[in-house]
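As written in TrEMBL, here are the features:
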{"type": "DOMAIN", "residues": "6-129", "note": "domain 'Arf-GAP'"}
{"type": "DOMAIN", "residues": "132-233", "note": "domain 'PH'"}
{"type": "DOMAIN", "residues": "255-360", "note": "domain 'PH'"}
Amino acid sequence: MAGGNERSMKALKEVWKRAENSLCADCGKPDPDWASSTLGVFICLNCSGIHRNIPSISKVKSLKMDHWDDAQVQFLAKHGNAVTKAIYEAHIPIYYYQPTYNDCQVLREQWIRAKYERKEFTEPGKQLPHSDGVKEGILWKRGRDNGQFLPRKFLLSEREGCLKYFTKQDAKEPKINVKIDVINATFQPEKIGNPNGLQITYLKDNKTRNIFVYHESGKEVVDWFNAIRSVQFHYLKVAFPIASDNEIKNRLTRNFLKEGYMEKTGPKQREAFKKRWFTLDHRRLMYFKDPLDAFAKGEVFVGSGENGYSVQKGLPSGTQGNFSWHYGITIVTPDREYLFTCETESDQLEWIRAFTSVINQAMTPQEYASKCLDAVSFPS
């Protein structure tokens, strides 16, 4: 018996060491140490917890702690991540967001359920709930002034190229009507305080507006997210006919580069520093009094190094404004310097990395055109 166990463990390790199995099959996290004995995939600990919630589809076991018999090892050897992904990910639409291990629980869970439970990507041309160019339904929306979540009707239309929401079910006129090309959607469960929380951001009069929504169903809110991406993709295909699918895919909904609290001072740099919530959305740095504010209090354009933008660790000597946090950052633009402080050194370094990644990128013609946003700078 002992010899059989040794043989099985040796065979298991050989399969485990294959290059195709070095990343989690579902989220891409390196060095997965769990596997599904019924699907034949190698997965990480977090994804194994999701698999465990669909026991009719997937039986998961630890590669380090559990016993694997010869038949189970042979099944893993026959399948593995490459073979199984070729089956369950054969026909993923180009617009569909495939989450990574950095993404929130609802995105990863619905991705796993879509693949293995609903088998959404196994057949070519399969009609998906986010692919027909129109979506209508109820989302719970946070009120701009009172902060209360109330049910609101939303309508997404590819034909009209817009997203609308109505304050009443039978309302004829929408409260908002937003063109699809100025919309961004990103999951914000912690900020919104709901595991299915979605932040929808759009431009209105050249300013950023935030809407915070959720749905009780994780599947429904992820379907809304991918429906927005689907409509955006087809809109941009028409608007930019010579662009490749991958170029367009990279212009769909995006996560913010960095969010969090910093302190800021005003343009005279003598005012007291005030704690504010900051969001870096590529070249837009916005600040809010509260993370759930509908409108930014101010924003600044962050250009490229070749155009005179830079980020520096620390504050200029002689900075007069009073501040309680001591890890400073200075953003240098052609017009002025912006001064911030962070609570910890790790926050400071993370913000500097985020700013550096933006400043190191060359500006596109569209970004040159939008540089007028630099005039919308931080008030005191």
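Just so you know, glycine gets a Cβ as well, placed from its N, Cα and C.
Residues belonging to the domain 'PH' (132-233) score a mean pLDDT of 93 in the model. Helix, strand and coil counts under DSSP for the domain 'PH' (255-360) come to 18 helix, 41 strand, 47 coil.
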